[in-house]
């Protein structure tokens, strides 16, 4: 469970979304979760959550009855009512009813009443599960509350201002309709006092109105209501009338009065405290709370909360209030507000007791200040930054919010490493700024914006060009920001108004890079500022040396986008840990890289690393953030999308603790700077949580992908959609009501009939005619086309007299001699249709009238054709352009108006076609006006790269830069979609062979790597070709495809030494393979791998194969000489093998990967020893060609001896297996020697029955190996020291853990006896004086440090004590073990069998 927590913000605009139980437990609905908060007069603490709703929680209420106060009920927009057990935080039962508000009856412990937006009131009986529905009013319910005096009385408030009192015992019958408010009813509250004699009638004044307050008759009680119309009303439930009206006061806000003329956002909540029948609490305009004295007369009837000091009140509107009685009969009021704060008030003093801040968005970033201890900054998705002083003792939630200058989500934060209070932030809209958290000034905003979300901010030393300039003028530190578009900008914190620089230019210039850089996704500066690690979108991590940003190495381990990078802190006691770099990506595995050799001795050319130093496996989703512990060495915490945070011991690759307190995925994590056991996490559930590592139940992440399961669950339970209203008459519609009452009699029937006829007459008539048309074949004729001249057509269908008069008029016009008569006739307008039979001027006037009619009827296509007919082609095209109704026909006639008009028309038609998504047709029309580049840009902007390239290659010269740009853009799109082969073709066509090889290699399978290596070799990219060939050969060798691995490397002449290494690995794998043990079948192997005679030494076989197959011998010269090959092999990077090495690699190279420090070191040893030409008397295990080494080559001898010892170690166990099988032959069950040894070690020796075996079964083959090589006394001494050091470390860890636990517990007055000799007494000794035995262990530990440093340089060797035990056990079943060898083994056991378990197992041979 978490320690402290900032919960999600309570939901807004809900009438009852929070409530307090009688035991002081506050429930708050936030998003789809209910947070449970333990409240008291002095503090609060989040104690749990109730999760299960699939949509926003709209209502919440506790049962206030004794014995059942732990039960609560909630309603949600997902259409369900849920009953919860707040003690066990489990769901009790659920009802599917679409409800928006809910209340548990204060009188009946089993009655819960809820209402929805349709006006339905539902009663739920908790003990039986029965429900009953009522429909008192067809209005939208906003709030409801049950009477505290009568179980059946419920007050319901509606959206239109109506309040209704209903009687549940009479099937929801309406008792009173309370009219007075003219806007939404936000809240209702009953008086806790029975009767209506507390208020008396008094004259009206400007603030309140008392309407006929009744005398105290002992019946009914008062009801208070708050509405959006800015008034509070007190109602008499006995008479159903308003007895008092209160108007909200205009209190001062931020030094100025509220303007009554400005309509502010308002939510008016009312609360009637217990034991205060004449006092009422309400919210106000800007978040203030006021206490009303209902018995006071005059203007000032209210008292403002929090006047004793500044900043106590909310600064935005309040939504919910609830109260609880605590010790000493103090009544506390809890309020929730839009300002995302929960406040507790003392109703006696009206002062704020405490404030709990909440979060209104994802917690994207959290970081502790390196200067201000305990100062925690949060970047939240509600467009605000929180700064929390986590170490304050008076107010445990001492936070400040910063919102100025921030208009989107805060996604990245970084404290200045030296300047206290300087906090940089990045936002979702690409903005970067710096806040001074100790001042009220607005932040400084950088003038350089990112185009996408800012993911990472980091402070580091300046690099060129910012590091240039005068010594006094250049900045000592720069701010770096990495955003979603893949760029990293360097900002000058002292001059943010200046332009930021992109570091990609410096990287290109310094490293002479011609190809495109992969988009960057994260960066991390090493604490000493010497190097910076940059993660990329393709999963590659690049390490650069400051300030020139020279590339030191490229880590190619991840294959997905890098999400987070973290360097180990540099204040640990172990220098070898300072260069550890942890990386997390979207593939759920955390890799830790040791870059000490590269940073301390920078290579001349970049090094490619393909193996990590440590693997941390366990998460099931992508890694989002990580943090190194500042209190431990090599301890890391990671946050993941699987919804958990995991603590790791990096060196041991061990999972220590797993936290699962969040709901949803995690986004950020940081370690407490003051408490080694405390970690802070934030995530999707809008919460920040503090938790302790030592108190977690789990140690490893969950095996199942619970986030995917949650998504599947969401799919199977989709949100219920709002049901459409049933048509009238369906399902038994309610009778029609007018003014709240039913309409009866004939008038009602007439009203219904007229209403239906007026509303649906046209609709049903259309349906009827359509139905007739469907049934009548005669009416299935083609629709007559619209007339182009509707006015003249209609006027030609006039009565006969008018038509005859038109003939007379037309004859008079045709034969008139003057123009005045003609103009007078056309101006009249009555004979405009005669223009069709007169001259051209008359026709134009008729066209004008027809155009006006078409425009009025919205028939613009006809207007275009009329203008076209009249010769106004440009006007017709202009109108069609404005209306977006250009077509191919109009475009075909556009050249008649001139080239400019044609060109403009084509451009307009292209825009119209683009809106219609006809991009190819639009590009073709651009070609018609010789706008080739515009056509190419149009195709490229809509991702039609194939067509754009075809067009460019057909119409433009081959060297045009547009073609290369198209290939590059298309390659980027194809690469993003996973089409790597097609992307490589584009890169090859653009002349970017390097990028083509890199793209193909991203698939990371054998065929892709082989192809990429060949492509890079053909293109002249030698370094890349070698790197890819090595990766491919490594995968083939891991799959036991030795022939394929050699073929891949044979294409690269410079990889001869790696071919020799593969040869050694193949020979070793064949030599060490046990035919009796089933293993992975070899895919392919060379003929020279056959074992042949067993006595032939491995070194002799290697020499023969190298000479015959690879031409490498003692006489080789040049790059094939032994010295050159040995030097090249030593320069290759090799990781330290760990327990996370894949099993198939361990099977292939049995002793090289698991039992030696480096598999390449033995290849070097074999190479060195095979061709040594010295003449000393030290022989190296070669029988066919015995050679000797002088004392200067002692290291080669030691390495060879180490390898031979491990081979003999295997032969020893094989011999024991054979002897054990013969001894136990015929028995019911045969156990392995390993199981036997384990049993004997655990049980203390061999049983008597095993010692008395018959001589016939003791016969065994002689030892066919030199067992004395296993009994090395120097290695025995070294291993004994190692065991002693581990024991001391374990005891020290136990001491520290026990001491820490003792400090947390309060000391008891009575003394307690210790449980054993290892327990430390905390009552008799001070923490500064450790006990005597452990002090002696400490002295021994520090004295063995020097010897340990020498031992750590020795080559690995099998456990000598284990070999002694096995030899002595074999000697009882095989006479081949000589007496001298047995005696030597016993002497070593007496001297070095120091551990308790080993000592117990050796006693059977020594006594």
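Positions of Cβ are set from backbone N, Cα and C atoms, glycine also.
What TrEMBL records for this protein:
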COMPBIAS  697-715  compositional bias 'Basic and acidic residues'
COMPBIAS  716-726  compositional bias 'Basic residues'
COMPBIAS  1301-1315  compositional bias 'Basic and acidic residues'
COMPBIAS  1319-1332  compositional bias 'Polar residues'
DOMAIN    69-194  domain 'Gem-associated protein 5 first beta-propeller'
DOMAIN    373-684  domain 'Gem-associated protein 5 second beta-propeller'
DOMAIN    834-1042  domain 'Gem-associated protein 5 TPR'
DOMAIN    1188-1392  domain 'Gem-associated protein 5 RBS'
REGION    697-738  region 'Disordered'
REGION    1298-1332  region 'Disordered'
REPEAT    50-94  repeat 'WD'
REPEAT    222-245  repeat 'WD'
REPEAT    616-658  repeat 'WD'
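Tertiary proximity for the repeat 'WD' (50-94) is limited to same-chain residues at least six positions away from its ends with a CB under 8 Å from its CB atoms, namely 11, 14-23, 25, 27-34, 36, 100-104, 106, 109, 112, 114, 122, 124, 126, 129, 663, 714, 717, 719-720. Long-range contacts of the repeat 'WD' (222-245) within the same chain, counting only residues at least 6 positions beyond its ends with a Cβ under 8 Å from a Cβ of the stretch, are 147, 153, 155, 157, 161, 163, 165, 175-178, 180-191, 193, 196, 198-199, 208-214, 266-270, 272, 280, 282-283, 292, 294. Here the domain 'Gem-associated protein 5 second beta-propeller' (373-684) returns a mean pLDDT of 92 for the predicted model. When the repeat 'WD' (222-245) is classified with DSSP, helix, strand and coil residues number 0 helix, 17 strand, 7 coil.
DSSP places the residues of the domain 'Gem-associated protein 5 first beta-propeller' (69-194) in helix, strand and coil in these numbers: 3 helix, 66 strand, 57 coil.
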